[in-house]
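Down below is the structure, laid out as structure tokens.
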Amino acid sequence: MQPTVIETWPAPAKLNLFLYITGQRQDGYHLLQTLFQFLDYGDTLTIRPRNDDQINLLTPIDGVENEQNLIIRAARLLQQHCERRNIRPAQFGANIHIEKCLPMGGGLGGGSSNAATVLVALNHLWQSGLNVDTLAELGLQLGADVPVFIRGYAAFAEGIGEQLTPANPPEKWYLVAHPSISIATPLIFGDPELTRNSPVRDLETLLNQTFVNDCEAIARKRFREVEQLLSWLLEYAPARLTGTGACVFAEFDTEFAARQVLDQAPEWLNGFVARGVNVSPLQRRLSGQR
């Protein structure tokens, strides 16, 4: 049976509604507790299968070599996995076009989301038949955040981010602002002043406390642009860093309230308004919803 032909696939952004660093493993990876929620906003990938095994990214991303791009790496990883298991679809290549909206180094999970979308979409288009657990295991080879995008549901994450428990935080509206800089994750996680000993708590406890991002103090101290953005946003609503930055977000109960603040934003602020959603737009697309 032929799959429903879907060419256009969302690669949504995520927010870390809170992020606590609880320790560090001997291999250098940080242990954390974080709450992931998706946004109804992100990149868009157009994917068309090919009858050969060529993987072509038709819209290269500035500053990223194709061979290092998570889009290409994800497609080839899926190819290799299928070949090892003697799964050889008639169409085993792809032409991929990306409409890039999410900033690099922004803490919105753009690269991880792109990788997840490629794995999910090509599994569908190639009729590979892999289940979500297998796709998530493949995704983890590409990055700790990839599995949550593959599974497609808001989640409480522990470990290095790969231990996921479904969660259902309020679906608020957010003004997400980007300071026109990129922050590489190793810069924050490698900072000697980063808090690495937050206490481990259960989700119920964390949901009833003020949400905090342990990376925020470092980002504000090291990057004046982040400090400037947060100082402005905090005049209007609760606001904090997502991931290791550089993006920050303020939360609102209505779209109107969020847009009112965006309309007052100074010229140097780059931002957008989006709704937090607990079911990923990618999951909705796969299940036939819009």
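For all residues, glycine too, the Cβ spot is worked out from N, Cα and C.
Pulled from Swiss-Prot:
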ACT_SITE  Lys14  active site
ACT_SITE  Asp145  active site
BINDING   Pro103, Met104, Gly105, Gly106, Gly107, Leu108, Gly109, Gly110, Gly111, Ser112, Ser113  ATP binding site
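What Swiss-Prot annotates, mapped onto the structure for a quick look.
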residue	record	Cβ neighbours (10 Å)
Lys14	active site	27
Pro103	ATP binding site	19
Gly105	ATP binding site	19
Gly107	ATP binding site	30
Gly109	ATP binding site	28
Gly111	ATP binding site	24
Ser113	ATP binding site	29
Asp145	active site	24
Subject >> DSSP-derived structure type at Lys14 (active site), helix or strand or else coil >> reply: strand
**OP:** Starting from the Cβ centroid of Pro103, Met104, Gly105, Gly106, Gly107, Leu108, Gly109, Gly110, Gly111, Ser112, Ser113, which together make up the recorded ATP site, report each further residue of the same chain whose Cβ lies within 8 Å of that point, ordered by sequence.
**Re:** Ala13, Leu102, Gly243
Original post:
Once the DSSP letters are reduced so that anything not helix or strand counts as coil, what is Gly111 (ATP binding site)?
Top reply: helix
**OP:** Pop the Cα-Cα gap between Asp145 (active site) and Gly107 (ATP binding site) into the table, whole Å please.
**Re:** 11
